[in-house]
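*Asks:* First the structure, which I've put down as structure tokens, then a few questions once you've had a look.
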Amino acid sequence: MQQGTLMRKVKSKSWKKQRYFKLQEDCMTIWYQSKRTGKTESAFSISDVETVREGHQSEVLQSVAEEFPPERCFTIVFYGRRGNLDLIAGSAEEAQCWVQGLRQLIEPRSFPLTFALVSCTWIRDWFQKADKNKDGRMNFKEVQRLLKMMNVDMNEDHALRLFQDADKSESGTLEGEEFVLFYKALTQREEVLSLFQEYSEDGKKLTLLELVDFLRQEQLEDEGTEELAMELIDKYEPSETARARHVLSADGFLMYLCSPEGSIFNPQHRVLWQDMSQPLCHYFISSSHNTYLIEDQIRGQSSIEGYIRALKRGCRCLEVDCWDGPNGEPMVYHGHTFTSKIPFREVVSTLGKTSWGNSSSPLPSMGTSPPSSHLQSSAGSQGTGLWRHWVAQGTSLSPTPQELKHKILLKGKKIGRLEDTLDGPGDEAPDVSDDDNGAEAEEERRRAKVGGTQHGSALQKDKESLAQALSDCVIYCKNVPFRGFQEARSHSRPSEISSLSEAKARKLIRDEGNDFVRHNAWQLTRIYPSGMRTDSSNYSPQEMWNVGCQIVALNFQTAGTEMDLCDGLFSQNGCCGYVLKPPFMRDEETLFNPNDPNSWEGPGPITLTIQVISGQQLPKVASSKEGAIIDPLVRVEIYGVPADQAHQETKYIENNGFNPRWDETLHFQIHVPELALIRFVVEDYDKTSRNDFVGQFTLAFANIKPGYRHIHLLSKDGTGIPPSSLFVHIRITE
């Protein structure tokens, strides 16, 4: 029997152990064992794998880059907080075999395969968990244990009937196809079958015309409906005979409802669908704060993994705090704290390799601390697209994302005027703006003073020269101090940017809401967290988006409602990290003020009606006791202008996380739908303490598809938890 592929498992530069890795015959499980002992160390399911990265795309593999070429290296990234698995194959060919093979298993080309794969994996995983004696069979006692594990509290007599119906061999155990039959009986969707039969004359199939009626009346599909119906049958009907007759079975109907076309998220908005030829200030831009940190702000770990994770999540504005390190080697860390440090060269290398994986949109990069003497040479040597020219010669108008594709913009302070960059350096001292903490701002003031000294040391003169080289890299994001909206209108340019603390931004929102919106229609504004958030907590980005702030920097490493809102907003438009602001926020003369209902234009509030019908295979709470079953409820939260902030929730369903039925209807009035985000949250009800989080899904109101829809839930850190979902009915009326 083939042992598997011999590869090196790497945990650090000095820890490299040889292990045999093998894909099991089920094509769903990978195990690896020690070469020395032959003992199986671990196994993981393909469903646990989020993605596969090629080359030196991890901190560990970068540390061995001189020893092993990138063609032999790859990283397996898991969902959730499980650590990455860094591997080095014996040859480039072996590495490619594993990389391509894994990608085909985790990224099927069509959603029906994904749905089938998830169901197959789900069944197999549960069977293996419940089959305690590993004999490949399951007796009734093991089935009862399985039901508890699956969040099902079922009457014993009913469970026994399902068991006996599936036991075709009458052996008293279930194996193979018998267990699949049991699982299908267990997962029968009565609410979907009832809907299917409502439109099916014979209750067994939907003809093409019956499917067209359903799509028009319930799903509100009003263009090309017959063509769409044909596409759905060809795509989701599992029976070749039914496809040939142009009819849809109950199984095909369910597969359609669980597909992207049946999702609450408009599939046409998943791709790049917005105009990308407007000035940068007309877009919300996905932005991170202290990107290098993966823990807290005082003693947390700095890692290039922070940059990789943020970029993979669609972030387009990164922060690089660069300081002089030992032997003149620049280091990245949170200045004046005890956070760990990473070499600047590794950060630049990582940006060059991963910046354009999910998006070709421009990448603004923050350098908020005193630059190292190697910054310019390191950035220039990577050829990652550092932009150093005007798009239109001699102008300072803000460029567009389309014009700056595959380019990196450096945000920072600048010596002299921006226009001087075209002809040569100016002689003004660098401006000093609001910054992330007082210590950094004080250091900049000290350096500005040194830069203006006539008789400094040779070292000071060298620093001045190098600071000029850095200054010349700042083109469209010159950092300037904010001294009021009137001052900005009179003296600032569209190519400049100001940074404001969350507290200062809130005061401006409260006192000068309309002026703030007008300012953001022609100039970029960056908001950053309070220095008191040493635990890397986040503020609500919604109130900043309500006045059009483009660069709302969040701590991406901290899960919670704030990051759910961020992911929800930027999950559209091809996840490119840019979302076009509504027209009334792009008008420099707009009257809009999020705090003043009299300033809102439009026909009036719209009504969002959500019928929460059912849930499917909800996960158990991680901290729950063995055998405990959740009592799920659904809360719907609306985020937007203050008048639209609201939430309602269903009753809880006792002891059923497998297929709970709520059948409750919630109503919301939304005045400014262009800014609204909808968050669906499932919680485990607890009458004595705070409810436990189960799953969530957040999306912009503009991306909602009405009709009968599935909502595929995400975990606390934003990763999928298949096949957990909600089934809802959505109506939008004016």
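Using N, Cα and C of the backbone, Cβ positions are placed for all residues, glycine too.
Curation does not apply to TrEMBL; its annotations are automatic.
Pasting the feature list from TrEMBL:
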type	residues	note
DOMAIN	1-107	domain 'PH'
DOMAIN	118-153	domain 'EF-hand'
DOMAIN	154-189	domain 'EF-hand'
REGION	355-381	region 'Disordered'
REGION	419-460	region 'Disordered'
COMPBIAS	421-442	compositional bias 'Acidic residues'
DOMAIN	470-586	domain 'PI-PLC Y-box'
DOMAIN	586-715	domain 'C2'
*Asks:* Excluding the flanking five residues on each side, which residues at least 6 beyond the ends of the domain 'EF-hand' (154-189) place their CB within less than 8 Å of a CB in that stretch?
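*Replies:* Sequence-distant neighbours of the domain 'EF-hand' (154-189): 123, 126-127, 136-140, 143-144, 147, 254, 614, 616-617, 658-659.
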*Asks:* Just to be sure I understand, if DSSP states are collapsed into helix, strand and coil, how many residues of the domain 'C2' (586-715) fall in each?
*Replies:* 12 helix, 60 strand, 58 coil
*Asks:* Could you pull the average pLDDT for the domain 'C2' (586-715)?
*Replies:* 93
